[in-house]
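Trainee: Let me give you the structure first, and then I'll get to my questions.
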Amino acid sequence: MANATTSLPLFEKIPRKNTIQRGFDIIIFFLLLLLLIYRLYFLNRYGFTWILAFLCESWFTFTWVLVISTKWTLVDYSTYPDRLLQRVPEVELPSVDMFVTTADPVLEPPIITVNTVLSLLAVDYPSHKLACYVSDDGCSPLTYYSLVEASKFAKLWVPFCNKYNVQVRAPFRYFSGDDFTTASGSDTSSNFQQEWKRMKDEYEQLSAKIEDAVQNHNIVPCDSTVFSEIDRKNHPTILKVIWENKEGLLDGLPGLVYISREKRPNHSHHYKAGAMNVLVRCFFRQRNFKSLI
């Protein structure tokens, strides 16, 4: 007989009570039917105007029924990701590749992209089966520099999250208050508090570096020469592997890849659809897959 723990579902579907709303919808439906019957009954008396009104109201009733049908049976889903490893052995877990897109370092400040990437790199999943691909349509050295600095912080942040089972893994959210919280609640141990303060200081230094670079354009990463004299609308592909988990460590840092796809003024780049297409192709190359459907 299967173990009771392994037989537990990964999610549950919980019906939501909407009896009152259903009652109102039924009343409205019958009122619409009465209106259509009324139109049909006097159709010959009022001619073309009545026919046009009947057609419009019939179409409205049809679309209203379609909309209501999607809201008739409302459900909530409760997920239990902590049960995944109890159902599937770690060696059988599939590789997961996460895509992040950004296009303008002014409209989308690098610190926002960095926080998104850091929260993804710290996902509670075997690190050697994770990889994060960042598409930068703005071909911005600011974005690349921010990701390089973020990878240095991630080498501290990811082990910290795994060690203390931190639930909120976006650092800007986690450090927004002064509560020393983990997945199990508040942790008052002195070691944890010291590491928490150290991580917060490291994150504040990272944020200050990025903000300083944005304000003063004072960027000197070791391999930023590729961005010199680059026209963001006319440039070759730039692909940088910022970090690669070559050793395949379970508790290491997931791979982080920066991509700025080729752009030429005479060819449409198809906006985000084109960026996602390049990310998928890059992912297939990195994984050494032979075909792409």
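A Cβ is built for glycine as well, from the same backbone N, Cα and C atoms used for every other residue.
If you look up TrEMBL, you'll see 23-42, 48-68 marked as transmembrane segment. The feature UDP-alpha-D-glucose binding site is assigned by TrEMBL to GLU108, ASP137.
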Trainee: Give me the non-local Cβ neighbours of GLU108 (UDP-alpha-D-glucose binding site): same chain, 6+ apart in sequence, Cβ-Cβ under 8 Å, ordered along the sequence.
Mentor: THR102
Trainee: Is the transmembrane segment (48-68) packed against any residues at least 6 beyond its ends, judged by a Cβ distance under 8 Å, and which are they?
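Mentor: Same-chain contacts beyond the ends: 25, 28-29, 32-33, 35-36, 39-40, 42.
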Trainee: With a Cβ cut-off under 8 Å, give me the same-chain residues at least six positions beyond the ends of the transmembrane segment (23-42) that come close to it.
Mentor: 50, 53-54, 57-58, 60-61, 64-65, 68, 72
Trainee: Which of the three DSSP states, helix, strand or coil, fits GLU108 (UDP-alpha-D-glucose binding site)?
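Mentor: DSSP assigns GLU108 (UDP-alpha-D-glucose binding site) to coil.
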Trainee: Please give me the CB contact count at 10 A for ASP137 (UDP-alpha-D-glucose binding site), counting all chains in the structure.
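Mentor: Taking every protein chain into account, the count is 21.
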